Amino acid sequence: MGCGKSKERRAAARPQSEAHGRGGRGRDSSAKVHPPSPPLPEHPAGSTNARVLDPRARLRACIDSHPVVILSKSTCERCAEVKKLFKSMCVPYFLLELDQAEDAGGLERALSELTSETDVPVVFVKRRKIGGHGPTLKAYQEGTLQKLLKMNGSEGLPESYDYDLIIVGGGSGGLAAAKEAAKYDKKILVLDFVTPTPHGTRWGLGGTCVNVGCIPKKLMHQAALLGQAVQDSRNYGWKIEETVKHDWDKMTEAVQNYIGSLNWGYRVALRERKVTYENAYGQFVGPHRIKATNNKGKEKIYTAEKFLIATGERPRYLGIPGDKEFCISSDDLFSLPYCPGKTLVVGASYVALECAGFLAGIGLDVTVMVRSILLRGFDQDMANKIGEHMEEHGVKFIKQFIPIKVEQIEAGTPGRLRVVAQSTSGGETIEGEYNTVLLAIGRDACTRKLGLETVGVKINDKTGKIPVTDEEQTNVPYIYAIGDILEGKLELTPVAIQAGRLLAQRLYAGSNIKCDYENVPTTVFTPLEYGACGLSEEKAVEKFGEENIEVYHSYFWPLEWTIPSRDNNKCYAKIICNIKDNERVVGFHVLGPNAGEVTQGFAAALKCGLTKMQLDSTIGIHPVCAEVFTTLSVTKRSGGSILQAGCG
C-alpha cells in the first residue's frame, strides 16, 4: 500500500486557521487526510474579554481534536527532524508553531503546566504524550510509535507495508542481514541487480566478494602459489620431466563452476528462510516505497517499514579515450574467456597488486603502472617491501605515470593495445604495447542511482558514500546502510557481514550490540602475503607521537623455503606498541606465507588488549612462521640488525 502526500495542518498566527505543507516528491495523492477540524471557539466579539480561550484550554483542544499533534517552533532544528520523521511515514499531523501563535508566552507556560515539558518539540499521538525529540526517535526505532499509530486503524494513518525490511543489494552484507532478520519471522525482500560492465560481464547472487572479488582472487592466487610449489618440489626430490604450463581456460572454468555453486547455494538459503529474492534494480520513489525494475524493464512498487542499502562498489574508470572500449576491470578478469597475455595493470591498490601478482605467478608478462605510492592507507614500510619482492620476481613497475589514451592496434582474444601515458611530475609521455590493460584505480559507491535524493538520504557529494550513525542508520530514520558504501568505514566483506547481522539483531531481537570497526584484521593476497591488524606505523605516530611508540621487528625465513633456498630475509614481522599504555600492541603486521591465517589468530589477542610482555611470555610453536612474534627483541629505534641466516 502506497502513501500519499504527507500533509501537516499548521496553526500559526491564529491556531484555528489551517494550511497544508508541501507534499514529498515522487508521492501519489492517495492518502486520506483528516478533514479540517472546526475552528477553536472564541469569546463573542462583543464580550469585554474578546480573545481566544485560555492557553491551557487551547492546547487541550488541539490534543483532543487530532490524532497526531506536534508542538514546535519554526526555527527549531530538532522540531524539523521530528516533522520530517512523520512525513517520511506519510502520517498527517496537526502542527502548532508556538513562536508564531498568539500569546506565545502563555502557550509555552501552558505546555509546561500540562506536560512538564519545557522545550519543543512535544509530540502527542491519540492524546498520549510521546515526548520530545529523543523519546520520539527512540519510539520510532523501537517500533512502539508505529504500533500506536496503527491502533484502531485510524483514518489517514499508514496501513501495513508489503515487507518488514527491504534490502537493496544481494552481496555478503545484505544476504547476512536478510538471513538474520528472517530468524525473527520478519517478511524480507532482497533486491539484487548487476549492471553489466562495458564488456557485458555480469554475474549471479552474492555480490562482489563471491563473484568478482575475494573468492576468485584467492583461488587464482592459489594457482600461482602452486606454480611456485612445483618449482620448489624439484629440490625436495620430485622428478618433473616435462615443462609445466598453465592452462587459463581450465582455471577459469573451475573457478566459475565453484562460484556458480555458491550462487545457487545463496538462492536456496534465502528460499529455505522464506526470504523473497528478486533480480531487480531498486530505486526509491517515495517514503517507504521502492521501485524494482527487472532486466526486461518490468517495474513493481513495494513498500516496507525499513530499508537496508547494501549495494557495494564498482570499479572506477579513468575517463580517457579508449578506457571503457578496450580496458577491462577486476569485474571482467576472473571470467575472461581467453588468457590475457602481456598485461598492463593500472593502479597501486590491493586489487591491482593482487591481480598483478597472480598473473605473473602463472607465467604472464606483467607491468604495473603506479601514479604515486603503493597501497595507500596501508603501512608504507610493508607496502614497499611488497613492491620490492614483486619486482624481484619479475613484475615490472612504471612509477609516477598515468595513462592518457588507449588505442586498439589489432583486435583479437587477446588483441594488441597501445597505451600512451604521461608523467605525473612533468610533460614526459611514454608508449607501450600490451595484450590486456587491467584498470584497478579504485572503486565508486553504487549510491547515485538509487533515488536517495527522493527520500532525503544524505550522501557525500564527492564520493557517494553514506554517513551513518554508530548503528548504521542514515539521516532518514527508517533507512540503514552497511558495507563498502559507508563513509569512513572499512571496505571489507567480513565487516559488512558482521554489521548486517548485528543490525538485524538490534532491529528485531532486542540486541544493543553494535559493530566494532576497530582492530579489524585484513590480508592482501600478493605473492608475499601481507596480514595486518590495528594501526599502521604512520597512523600510530600520528595518534600517539613518535616518542610514545616502540616498533619491534624482524625478518624471518620460512623453513619450507630453506631447501629451495629462496626469498631469505623477505618475510617480515612487525608490532607497534604504545609505550604509555604498558606497551599495548596497537599495530600488528606480517609479510609471509599464510599471512591471513597468522593474522586472524593474533587479531583476537589484540581485541583482548595484547601487550608486548604477554607476547614475550607466550611460548612459540616450532618451527612455524608465527613463532617470530614471541621472540621479537630488536626495536627500529635501536637500529639493530634483523637479518636472519636460518629458520630461527
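Keep in mind that glycine also has a Cβ here, set from the backbone N, Cα and C atoms.
Sequence annotations record features per position, and here TrEMBL assigns region 'Disordered' to 1-49.
Marked as compositional bias 'Basic and acidic residues' by TrEMBL: 1-31.
For the domain 'Glutaredoxin' (68-128), the mean pLDDT of the prediction comes to 86. Feature annotation from TrEMBL assigns domain 'Glutaredoxin' to 68-128.
Here TrEMBL flags 163-500 as domain 'FAD/NAD(P)-binding'.
Per TrEMBL, the feature domain 'Pyridine nucleotide-disulphide oxidoreductase dimerisation' maps to 520-631.
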Helix, strand and coil residues within the domain 'Glutaredoxin' (68-128) as assigned by DSSP: 27 helix, 15 strand, 19 coil
DSSP on the domain 'Pyridine nucleotide-disulphide oxidoreductase dimerisation' (520-631): how many residues come out helix, how many strand, how many coil? 42 helix, 33 strand, 37 coil
